[in-house]
Structure formats: structure tokens, C-alpha cells
Amino acid sequence: MNSNTHAKSSNFHQSELDKFAALANRWWDADGPQKPLHALNPVRLEYVSARLEPAGARVLDVGCGGGLLSESMARLGAQVTAIDLAPELVKVARLHSLESGVQVDYRVQSVEDLAAEQAGSFDAVTCMEMLEHVPDPTAIIRACASLLKPGGKLFLSTLNRTPAAFALAVVGAEYIARLLPKGTHHYKDFIKPAELAAWLRNAGLQLEDVSGMLYEPWRNRARLSSRTEVNYLAYAVKP
């Protein structure tokens, strides 16, 4: 199935969808191509849970992939809707949900289309490791802001555009250690925190925090850090 079969939005690179769709069958393999993502997921969940009471919260996971974060939040009691434009990934996410018994409402849908249908519906929106893979990340942020209730919270993670990020996330992870498939990242699409802060302000959101996320490949572990040169998380609130 072509990855854009159900996609109305044009805010995606077909090559990016195809690249991640090809990893679908091993998405939940902790030792597979998404091994670093499995290491990052507990840290992402820790960051969100420290700022949001998950139990009973309506949460949207944008760019959910195979559902790692979606299921994790649902296990904590959140009512999770999760969207992705790759049908192959959503299929894997749904199958894993059936196996685990964790309920998540998975959809093949763009965040822009969902915003047109359900503005102001969610207590929190998460958008992790996605902004650097789309043509117009500002449109994603605007749609996320629209979907939040007043007082709602947006959680983001992405890669900083620094020499350190190029050395570690591209050269090191993809070509030397081979932790990720070659071509996973494009350095020119990485996002500086100051750029992200401006996009959030323009979307009417208040940036509350930026924290580094440090991945230690020799231990296959990740942790929060004050250093934002490579991976970082951000948290913003809708007034």
C-alpha cells in the first residue's frame, strides 16, 4: 500500500513516509532499527508525566509511528488518540494494541485535517521526533495549538542544528555506529531551540521549558540533561 493512500495533507515528504514505513514490521523490536527510539521513549514519558497528570487526560500523539509513546501514555490512564500518515505504521500500532490490550484510537490522518475537525479537544498534544521530517514544521505547530483546549499542553522533541548534532546524530549514529538506517536524518532540517520558540509564540503558545535529552549508545540508555546541543524536548502551554 502506498503510504499516502489516506493522506489529504501535503505537508509530508513521501520519501520520509516510505522510509519509516519500511521499518514498520520491526518497530517494536527493542534491538531492531528503532533501538535508539526504544531508549528515548522512557525519557519522553518521564518528561511528559512530570508536567501532565496522564490519568483521564485526553492526549493526542502526532506522528505516532508504531505507537511506542501512545501505548505508554495509555498505560498511565490517558485517553489517547494517535495519528500518522503511514498506513503501514498505523497497522502495526493497532496490532500491537490488540496484543497488549492497551486501548489507543489510532488513525491514518494528518494533524492539519484533525485540527479542522476537533479544534480545542485535547488536554495535551505530543509530537516527538517528527518536526525535522516535514516540509513545514510551523504548520504542524499551528495545528497542534489549535487542537489544544485553553490551558492545554504541547510536548515536542527534535534535534538541534549544531555541529555536535551532525557529528552524533548523522555521522555517528547512521554511518559509524550504524544505530540508525542511513538517511534517517537530514541536517538542514534540524531545528534550533530559538527557532522553535519563535514558532510557538507565533502559534499563540507560551514556551515553558526546554530540556536536553542525552542518548548514551554504549549503554543504550537515555536521560534528561541540561545540554541541548543534540536532542532536546520542549514544553509549551496554550493560554
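Backbone N, Cα and C define each Cβ position, glycine as well.
Other C-beta atoms found within 10 angstroms of the C-beta of ASP84 (S-adenosyl-L-methionine binding site) number 30, with every protein chain shown included. Residues or ranges marked as S-adenosyl-L-methionine binding site by Swiss-Prot: ARG44, GLY63, ASP84, MET128.
DSSP classifies GLY63 (S-adenosyl-L-methionine binding site) as coil under the three-state reduction.
Cβ neighbours of GLY63 (S-adenosyl-L-methionine binding site) (same chain, under 8 Å, six or more residues apart in sequence): ILE83, ASP84, VAL111, CYS127, MET128, GLU129, MET130, HIS133.
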